[in-house]
Each structure stands twice: as C-alpha cells, then as structure tokens.
Amino acid sequence: MLNNTSQAEGSPNSDSRRLLSEIEIADQKLGFKEIYGVVILAANNAVAFWMAFIVVYVNPGDTPHTSMEKDLGLTQTEYGLLSGVTYSLLSALFSIFSGSLVDKFSRKWTLVIAAFLWSGLTFTQSFATNFVTIIIPRIVMEIALTANQASSLSLISDYFNSKYRARACSFYQFGLYVGLGFGSFSIIITKLIGWRNAFRVCAGFGGFIAFLTIFISEPQRGKFNSEQDNQDFKDISLSMSRFEKLKKSLKIIFTNKICIFLCLSNMVRIFGTSTIGFWAVRFFKSKFPDYQNEYSIFNGISLITINLISLYVGGALGDHYDNKNPAVKSYIVAIGCLISFPFLLVAFVFSTNFWLSSSLFMLSFLFSESWYGNVLSMIQNVFPSQLVGSATAVFLVSGGISGACSNLLLGILSDKYHTSKNPKAAGNLLIILVGISYIGSAPLFIISGYFYKKYILSKSKGEKCPKIVEEEEENEE
C-alpha cells in the first residue's frame with residue numbers, strides 16, 4: 001500500500017466506476033479535540049507565515065523607523081536573500097530532518113518547542129543593526145519553522161479520516177493566508193509604531209499561540225490506517241535501526257509515482273507562489289506609491305476572506321468526489337491555475353488603476369488557492385500516518401528549492417532592472433515567472449491525479465505493495 005501505484009492492467013471505465021463506488025468511508029463524529037486541534041494548528045501556521053513574510057511588509061516609509069531596509073542598509077539582493085531565499089532554501093535543507101523527527105517523536109511537543117523557539121527568535125530580530133545581525137537569528141528561526149507543517153499535517157492525518165482530510169488541510173492552510181493578511185496589516189503597524197515594534201507584536205502573538213498549543217491532543221498514530229497498512233509498516237520496522245528505518249521510509253517515498261509527480265508539480269507551482277508572496281507587495285508599492293494604506297487594508301482583508309472561500313470550496317469538492325473520481329482533486333488544482341493567470345496578467349501588466357489591479361490580483365486567489373488542501377490530502381491518503389511527516393517533508397523540500405531559486409533570481413533581476421523605480425519592469429518580471437509556474441504546473445498536476453486514481457483503484461481491490469512483499473520475504477529468509 002505504501003509504494004508504487006497499481007501494476008494491474010487498466011480496467012474499463014464501467015469497472016473503474018463500480019470499484020470506486022464500492023469504497024465506503026465511515027462517517028466520523030468530530031469532537032472538541034479535533035476542532036480545537038485543527039484551529040490551533042491553523043493558528044500556528046498563520047503565525048509562522050506572518051513571521052516568514054513580515055520582512056516583506058515592514059518597509060512602507062523612507063525613514064529608518066518605518067523601513068527595515070533603510071535602517072539596516074539592505075540592497076535588493078540582500079533583501080531577496082533575507083526575505084525569500086534563506087526561508088525557501090532552509091526549508092529544503094531541513095524539512096526532511098524535521099519530518100523524520102516528527103515521525104519518531106511526539107508531534108505535539110515537537111510543535112510546541114518549535115513554536116516557542118520561532119517566536120523568541122522573531123523577537124530577537126527586532127534588535128538587529130545590520131544584515132548579519134538579522135539574518136543569523138532569522139536562519140535559526142526558519143529552521144524551527146520547518147517543524148510547522150510536518151508536525152501539523154501528521155497530526156491532521158490522525159485527527160480526521162480521509163472523508164474530511166481535504167477540508168481539514170484546507171482549513172489548516174487557511175492559516176497561511178491569515179498570516180499573510182496580518183503581514184499586510186504590518187504596513188500600517190510599521191507606520192504607527194515602527195518596524196522593530198511590528199516584529200515584537202508578531203513575536204507576542206506567536207508566544208501566545210505556542211502556549212495554547214500545549215493543550216492540543218496527541219492522537220494515536222495510524223488511527224485511520226487500514227489494518228494492512230499498519231501491518232505492512234510494522235513488518236518493515238521491527239528489525240531496523242532508526243537510520244535503516246529512515247532510509248527505507250525515504251526509499252518508499254522517493255519511488256512512489258504519485259509523490260514524485262506531486263513534488264514536480266509543487267516545484268513548478270511554488271516558483272510562482274513564492275514570486276507573488278515575496279514580490280507582489282513591492283510591485284504595488286512601486287506602481288501605486290500613494291495607496292500603501294489602502295493596499296494594506298484591502299490586501300489583508302481580501303487574503304483572509306477570498307482564500308477562505310477558495311480553500312473551503314476546493315477542499316469540499318475534493319472530499320466529495322474523491323470516492324467517485326479521485327483524479328478530480330488534480331483537475332481542481334490544474335483548472336484553478338489556468339483560470340487565475342489572466343487575472344494576474346491584467347493586474348501586473350495592463351492595468352494602470354490601483355483598484356482594478358488590486359481587485360484582479362485578489363480575485364485570482366479565488367481560483368488558484370484551492371490547490372494545497374487537495375494536494376496534501378492526496379499525500380495523506382497514499383501514505384500511512386507513520387510516514388506522513390517524512391512524505392510531507394519531501395514535498396516541502398521540492399517547494400523550498402524552487403522558492404529559493406525564484407527569490408534569488410528576482411533579487412538579482414530587480415537590482416539589474418531597478419524595479420523599485422521601474423514598475424513596468426517589475427510587472428513584466430512577475431508575470432513571466434508566474435506564467436511559467438501556473439501554466440507549467442497544470443499538466444503535471446493532472447498526471448499526478450492519473451496515478452492517484454490508479455492507486456485508489458488498486459487499494460479498492462485489496463492489492464498489496466510489491467516492495468513491502470519483498471521486504472517481508474527478505475525478513476523471512
């Protein structure tokens with residue numbers, strides 16, 4: 001069950017529909033601990049992304065008090081390193097370590113410790129005096145942030161059965177946009193109390209949420225796995241050291257066709273997501289310098305409301321049709337990417353009106369941001385919860401590498417074309433990179449859905465993973 005998709009010959013469409021219709025997922029009675037758990041996990045996600053992106057928003061003024069860049073004397077390349085490259089690169093380097101940690105130790109306490117750590121280090125950054133003194137605590141903070149998604153998504157896989165996972169993952173991912181919304185509000189906070197105090201406010205919220213995380217529950221690992229999945233995992237683990245177990249787990253993950261194509265899709269998609277996340281605010285500041293307060297409020301409210309709609313509808317549709325046509329999840333993602341691109345094209349290139357540009361920019365999220373919950377639930381449905389942390393980490397690594405490349409590239413190009421004073425060049429660069437990402441990722445997501453559907457069909461037949469069979473035979477010998 002853990003590895004490659006079905007090796008069986010393809011069956012006619014009528015047989016596929018019959019097999020899928022036979023997949024019965026028992027309803028789950030949701031209680032306080034599941035609801036409280038996912039709310040606090042989403043809150044941690046919000047704070048984590050607020051901390052990751054706050055450097056994007058704390059530069060609304062031209063004085064050292066209201067501009068981190070002015071105060072610390074940063075170049076555009078240094079800003080790119082500080083804002084996006086280190087975050088993405090460190091996510092890539094340390095996510096697998098965090099994922100393996102989460103798969104071995106308490107997910108709850110791993111998250112609690114990491115949450116207090118990243119909050120304290122955000123507070124430390126508020127005392128920086130130059131590039132070196134802010135990037136060092138930021139690097140350690142970003143390493144701690146790698147425990148966020150691995151811990152949370154592993155917990156979600158044991159809080160909810162597959163019938164609710166796309167919606168649960170979507171709600172968890174909604175925390176990202178709440179964090180970005182608060183990041184946007186940081187423009188006004190910075191104008192009122194300065195960039196250093198904006199960091200301290202963010203750190204204070206983080207510490208409060210870290211305290212609330214102490215009271216979430218640690219569910220039984222593998223609670224919703226099938227008996228066969230749990231037995232397979234037990235069989236390959238009994239005679240292995242921790243290193244051998246990690247090596248075997250990663251081998252299973254890296255040879256899974258669904259995971260491979262989801263990671264490739266993620267790499268292409270995150271290239272555009274990271275580009276927008278770290279650089280769109282600079283485009284709007286450059287092109288519409290007199291609308292910073294309006295952008296802060298409108299962007300913050302829109303990120304929270306529009307993305308909630310997008311995430312919930314996308315996740316609900318994915319959950320509803322998963323047992324009828326599992327590939328629908330990938331179709332939702334691919335179609336959303338393609339529909340959203342024209343909105344961004346007009347917003348970044350053709351519009352000269354602030355309200356039209358910002359409105360189209362926000363409306364693009366209505367279609368594009370339904371993807372994460374569906375993709376993450378596919379990973380959770382393919383791997384047992386004992387491997388979800390590591391599988392999620394591998395998925396995050398792929399995005400981290402891509403995000404680092406996009407931010408480094410834009411930092412260099414922004415210095416070369418002076419985009420802070422040339423909004424046309426900024427818009428053109430954004431739309432080129434986002435176009436490559438959104439249009440290029442759509443067919444890869446569809447291929448992922450094809451293999452995911454084959455896996456669901458093979459699972460409905462009760463077929464066993466070939467590699468697990470081999471491992472059991474080796475153990476018997």
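Every residue gets a Cβ built from N, Cα and C, even glycine.
Marked as domain 'Major facilitator superfamily (MFS) profile' by TrEMBL: 38-452.
What TrEMBL lists as transmembrane segment is 35-59 (among others).
Per TrEMBL, the feature transmembrane segment maps to 79-97 (among others).
Under the heading transmembrane segment, TrEMBL lists 109-128 (among others). Within its own chain, the transmembrane segment (109-128) has Cβ neighbours under 8 Å at 41, 44, 47-48, 51, 54, 72, 98, 101-102, 134, 137-138, 140-141, 144-145, 147-148, 151-152, 155, 196-197, 199-200, 202-204, 206-207, 209-210, 213-214, 218, counting only residues six or more beyond its boundaries.
Marked as transmembrane segment by TrEMBL: 168-192 (among others). Proximity of distant same-chain residues to the transmembrane segment (168-192), defined by a Cβ-Cβ separation under 8 Å and at least 6 residues beyond the stretch ends, is recorded for 38, 41-54, 56-61, 66, 152-153, 156, 159-160, 198, 201-202, 205, 277, 281, 292-293, 295-297, 299-301, 303-304, 307-308, 311-312, 314-315, 365, 369-370, 372-374, 376-377, 380.
Taken from TrEMBL, the feature transmembrane segment applies to 198-216 (among others).
Outside the transmembrane segment (258-284), and at least 6 residues removed from its termini, the chain residues within Cβ reach (under 8 Å) are 5, 53, 56-57, 80, 83-84, 88, 180, 184, 291, 295, 299, 333, 337, 344, 348, 354, 357-358, 361, 371, 375, 378-379, 382-383, 391, 394-395, 397-403, 405-407, 410, 414, 419-420, 423, 426-427, 430, 433-438, 440-441, 444-445, 447-448, 451-452, 455. The annotation transmembrane segment is assigned in TrEMBL to 258-284 (among others).
The transmembrane segment annotation in TrEMBL covers 296-318 (among others). Panel annotation: around the transmembrane segment (296-318), residues 57, 60, 166-171, 173-174, 177-178, 180-188, 281, 284, 328-329, 332-333, 336, 358, 362-363, 365-374, 377 of the same chain, lying at least six beyond its termini, place a Cβ under 8 Å from a Cβ of the stretch.
Same-chain residues lying 6+ beyond the ends of the transmembrane segment (330-350) with a Cβ under 8 Å from its Cβ atoms: 265, 269, 276, 283, 310, 314, 317-318, 356-358, 360-361, 363-371, 374-375, 378, 427-428, 430-431, 434-435, 438-439, 441-443, 445-446, 448-450, 452. The transmembrane segment annotation in TrEMBL covers 330-350 (among others).
For 387-409 (among others), the entry in TrEMBL reads transmembrane segment.
What TrEMBL records for 429-452 (among others) is transmembrane segment. Same-chain residues lying 6 or more positions outside the transmembrane segment (429-452) and placing a CB less than 8 Å from one of its CB atoms are 5, 257-258, 261-262, 264-265, 268-273, 275-276, 279-280, 283, 326-331, 333-335, 337-338, 340-341, 344-345, 348-349, 368, 371, 375, 378, 382, 406, 409-410, 413-414, 417, 419.
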Worksheet, complete the sentence: Within the same chain, the residues 6 or more beyond the ends of the transmembrane segment (35-59) and with Cβ under 8 Å of it are 66-70, 79, 82-83, 87, 111, 115, 118-119, 122, 141-142, 145, 148-149, 152, 155-156, 159-160, 168, 171-176, 178-180, 182-184, 186-187, 190, 195, 198-199, 202-203, 205-206, 209-210, 212-213, 215-217, 277-278, 281-282, 285, 296
Response to the item:
On the domain 'Major facilitator superfamily (MFS) profile' (38-452), the mean of the pLDDT values is 85
